[in-house]
Each structure stands twice: as C-alpha cells, then as structure tokens.
Amino acid sequence: MIHLLYYYNQRLQFFENAHSWPFVVSLCTAIIMFMSSAFAHLLHSKSEKIHKTCFAIDYVGVSLHGFGSGFLHIYYSAPQWYYDKIEYQYIFILLLLGILACFLNCFAQYHFHPPYPPLKRICQFLPCGILWIYSVIPLVISLFPLIFPLNSSSLCHLGQIILFIVGATFFAFDIPQRFWPGALDFIGQGHHLFHLCIYFVTLCQMHGVYWDYETHQKIIDQRSKPDLIFCAGSMISLILWDIVIVWYFRRRLGDKDHGH
C-alpha cells in the first residue's frame with residue numbers, strides 16, 4: 001500500500017494537485033486498515049482484554065477504509081449529475097455509517113461471549129455491509145447499464161465489487177473450512193481468503209479510480225478544488241470518533257473486570 005502512495009504521487013503530484021487530495025485520503029485509510037489488521041492478528045493472543053482491544057482497533061481500520069472508499073468513489077467515479085446533487089450529503093452519511101460500523105462491531109466484540117450467538121455476526125456484518133453498499137453506489141451508477149467491451153476502469157470496478165462479494169461470502173459463511181474441519185486451521189480459511197480478496201479489491205479500486213480521473217480529468221479539474229481541511233478533517237474526525245468508541249468499550253471491559 002505504501003508503494004501505491006509513492007506510485008500515484010509520481011502521477012498525480014499530491015502536493016501540487018488539490019484534486020488528488022481525496023485520492024490521498026483514501027490511500028491513507030487503506031494503509032491504516034491493513035496496519036490495524038496486521039496489529040490485531042499478530043498481537044491479540046496476550047489476554048482477553050488485549051484480544052478485544054486489538055480487534056477493536058481492527059474495526060477502526062474497517063470503518064476508515066469504508067469511509068475512504070466512498071470518499072474516493074464520489075469524487076472520481078460518480079457521474080457528474082450525481083456528484084453535483086449529493087456530494088456533501090454523501091460524505092456526511094458516509095461518516096455516520098463509518099462511526100456506526102465501528103460502534104456495532106466493538107459492541108459485538110465486548111458484549112457477546114463464547115459460544116457466540118448469531119446476533120454477534122449480525123451486529124458485525126450488517127453495518128459493514130451497509131457501509132460497503134453505500135460506498136459503491138457511485139460505482140454502480142456509473143457502471144450500469146454495462147456496455148461491452150468494458151474499458152479499463154469499468155473492468156477494475158466490476159472486479160472490485162465481485163472480489164469483495166466473494167471474499168465476504170468466504171468470511172461470513174466459513175467457507176471452505178466448514179467442509180474440511182481442522183484441515184485449514186493454519187492457512188486457507190475463509191478469513192484468510194477474505195483478507196487476500198480485500199488486498200486485490202484495493203488494488204482494483206485504486207487503479208480503476210486513477211483511470212476514471214484520467215478519462216474525466218477535464219470535468220474533475222473544473223470542479224471547485226477540494227478543501228484540505230474538509231478532506232483531512234473528515235478523516236481525522238472519523239478517527240477521533242472511533243478512538244472514543246474503542247476507549248469507551250475498553251473502559252467498560254475494565255469496569256467489568258474490577259466488578260468481578
């Protein structure tokens with residue numbers, strides 16, 4: 001991901017081109033997501049409290065990347081009429097959905113205990129699914145009706161959507177490990193395949209959006225320049241809200257421990 005930051009800086013000139021700032025925001029959220037995921041999976045086994053805290057940080061990354069994806073799609077990939085109609089309202093709703101995704105995932109992680117009821121998965125998957133669906137609305141509007149042969153950006157965006165659905169299906173329905181119990185404990189679980197799919201989703205997303213920008217650069221450059229405070233501030237605002245949520249649930253866990 002950091003390589004992509006360098007790669008696209010060479011082409012978009014992040015420091016000189018204000019119209020590239022939404023791209024930077026999305027790349028930063030992707031980097032944070034992968035870092036928080038690695039942090040959670042590598043360090044979670046120390047204790048129950050550390051386990052829950054690590055995965056709460058992972059949910060911060062999920063929340064941020066969902067927000068960053070929508071931010072990217074509305075600015076570069078949405079049809080002009082849709083962008084003009086809904087830009088700031090779209091970002092505000094995206095921000096709220098990102099906060100909700102983090103809150104409900106943290107709630108499920110801290111509230112439910114093994115053996116986990118189905119409600120735990122609903123609390124985790126439903127808000128993330130809603131956030132993802134909302135984030136790809138600009139892509140769906142721009143893609144359909146599909147006109148063949150598809151151009152490079154449309155191929156990337158279609159691949160991005162399909163890969164996410166495939167990865168989410170592996171994760172949500174415990175595929176393929178439910179068919180070979182115990183055989184895939186170390187590698188090959190649906191969770192592992194999900195992370196692999198998300199990596200390729202991000203690659204397809206970034207390349208597709210870059211080609212959208214190249215194709216529609218004259219139109220995008222005529223828009224009012226993105227405000228740095230708005231671009232960075234919206235991301236920082238979500239980070240702060242997510243930190244408050246993680247802190248709140250971690251404190252609740254500490255109070256529960258003292259109560260025992």
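Even glycines carry a Cβ here, placed using N, Cα and C.
Keep in mind that TrEMBL annotations are predicted by a computer and have not been checked by a curator.
Predicted, not measured: the structure shown is a model, and the values here were computed from it.
Among HIS3, HIS19, HIS41, only HIS41 appears in TrEMBL as part of the Zn(2+) site alongside HIS191, HIS195. Sequence-distant contacts of the transmembrane segment (129-148) (same chain, at least 6 residues past either end, Cβ-Cβ under 8 Å): 63, 66-67, 69-70, 73-74, 77-79, 82-83, 90, 93-94, 97-98, 100-101, 154, 157-158, 160-161, 164, 168, 212. Within 8 Å of the centroid of the Cβ atoms of HIS41, HIS191, HIS195, where the record puts Zn(2+), the same chain has further Cβ atoms from SER37, HIS192, PHE194. Residues 77, 121, 125, 129, 132, 136, 139-140, 142-143, 146, 190-191, 193-198, 200-201, 204-205, 207-208, 211 of the same chain lie 6+ residues outside the transmembrane segment (154-173) yet bring a C-beta within less than 8 angstroms of a C-beta in it.
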